Amino acid sequence: MNKLTLRRPDDWHLHLRDGAVLEAVLPETARHFGRAIIMPNLVPPVVTLQDAIAYRDRIAAAGRDDMRFQPLMTLYLTENTTVEQIEEAAASDVVTAVKLYPAGATTNSQSGVRDVANVMPQLEAMARAGLQLCVHGEVTAHDVDIFDREAVFIDRVLEPLRQNLPELRVTMEHVTTRDGVDYVMGSSQNLACTITTHHLIINRNHLLVGGIRPHLYCLPIAKREEHRRALVDAAISGDARVFLGTDSAPHTDPNKESACGCAGVFSATNTIQLLAHVFEQEGALDQLEAFASLNGPAWYGLPANEDRITLVKGEAPVRFPDKIETGADGPVTVFDPGFEVFWDIAD
Ligand SMILES: NC(=O)N[C@@H](CC(=O)O)C(=O)O
Ligand SMILES: [Zn+2]
Ligand SMILES: [Zn+2]
């Protein structure tokens, strides 16, 4: 097969940032995707409905007038978020989900939640109102190894929360382990997960063998090959609880190529082409539409996009830009999968 038409995909986990970086990276997503869940980890974070409306308007202003891309907004859950703020957001048609960052777990998570017990009234209000929770699923305890933080989060935080509040719909974002996939696949209700493009492609050797590669450093950190394998199996399974969230997370080169580099992989530019490559390698191109275009909207109670994109496999490798320029702060490096890709999107 060298041609494939699918419903236009959506991205259920995306960082667009603000200002010059927003302007630079927005076209990279808007070119291929219909909608995306926009992460709220700005500084200061997107906490209230008013913050979300203002951010949505800045995204619209940064896009071209003919931009059809639709940002789906989220709120950043803090221990100071009130039940009234949750109810106000749930009643609006602006906010699609609320995001839980364990405090200190990842980029701009200082305002996050130290203990889920401190936000139970807010989570109960979400369950009542049918507002979904998106979770960065890693513990932050210093005695837990960075490679174990996702699995420990399931045991210590996620499973107890779901026992307490089974009505809450939870998306475990950017799962990186067999433990995460097994946990989602083994659940009976109200739990789904997203998987990133890069976690389907790299394991921890890619990050660390032969020199440290800061542009492959993200959180949760890439794990052993056996975990990558479990992610691929889940992505190509067609299971309705598993869908694409790229976690495309731009940081400028000076902030990545540093003695203490930021976490985040920027993959908006080449995600769809790379996914076609990965799914073809697995003999599973027929499952790409479920993963990228159908399962996500179904989980969020939205219709799939009406329009379609066509992927074409050519003879020559596709040339992607190495970097996206953002102006004064320096460029953002595009995810390099380490192999050639022959699938591209026909306009
Ligand atoms: N994934 C990352 O490594 N970084 C994300 C934050 C996140 O999604 O955890 C970012 O905002 O840069
Ligand atoms: Zn995260
Ligand atoms: Zn993210």
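Glycine too: its Cβ is placed from the backbone N, Cα and C atoms.
Note that the structure is predicted; figures quoted are calculated from it, not measured.
If you check TrEMBL, you get these features:
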- Asp247: active site (ACT_SITE)
- His13, His15, Lys99, Asp247: Zn(2+) 1 binding site (BINDING)
- His15, Leu16, Arg17, Asn41, His136, Leu219, His251, Ala263: substrate binding site (BINDING)
- Lys99, His136, His174: Zn(2+) 2 binding site (BINDING)
- 11-304: domain 'Amidohydrolase-related' (DOMAIN)
- Lys99: N6-carboxylysine (MOD_RES)
Mean of the pLDDT scores, which run from 0 to 100, over the domain 'Amidohydrolase-related' (11-304):
98
Close to ligand 2, in the sense of Cβ under 6 Å, among His15, His136, His251, Ala263 as binding-site residues, are His136
Tertiary neighbours of His136 (substrate binding site) (same chain, Cβ under 8 Å, six or more apart)
Lys99, Leu100, Tyr101, Pro102, Ala105, Thr106, Ser109, Glu173, His174, Leu219
Could you measure between Arg17 (substrate binding site) and Asp247 (active site) for me? Cα positions, answer in whole angstrom.
12
Between the C-alpha atoms of His13 (Zn(2+) 1 binding site) and Asp247 (active site), the distance in angstrom, to the nearest integer, is 5
Residues among the binding-site residues Asn41, Lys99, His136 that border ligand 3 - Cβ under 6 angstroms, in sequence order:
none
Quick check for the class: what is the C-alpha distance, in angstrom and rounded, between Ala263 (substrate binding site) and His15 (Zn(2+) 1 binding site)?
12
What are the other residues, in sequence order, whose C-beta lies within 8 angstroms of the center of the C-beta atoms of Lys99, His136, His174 at the Zn(2+) 2 site?
His13, Met39, Leu100, Tyr101, Thr106, Cys134, Val135, Gly137, Glu173, Asp247
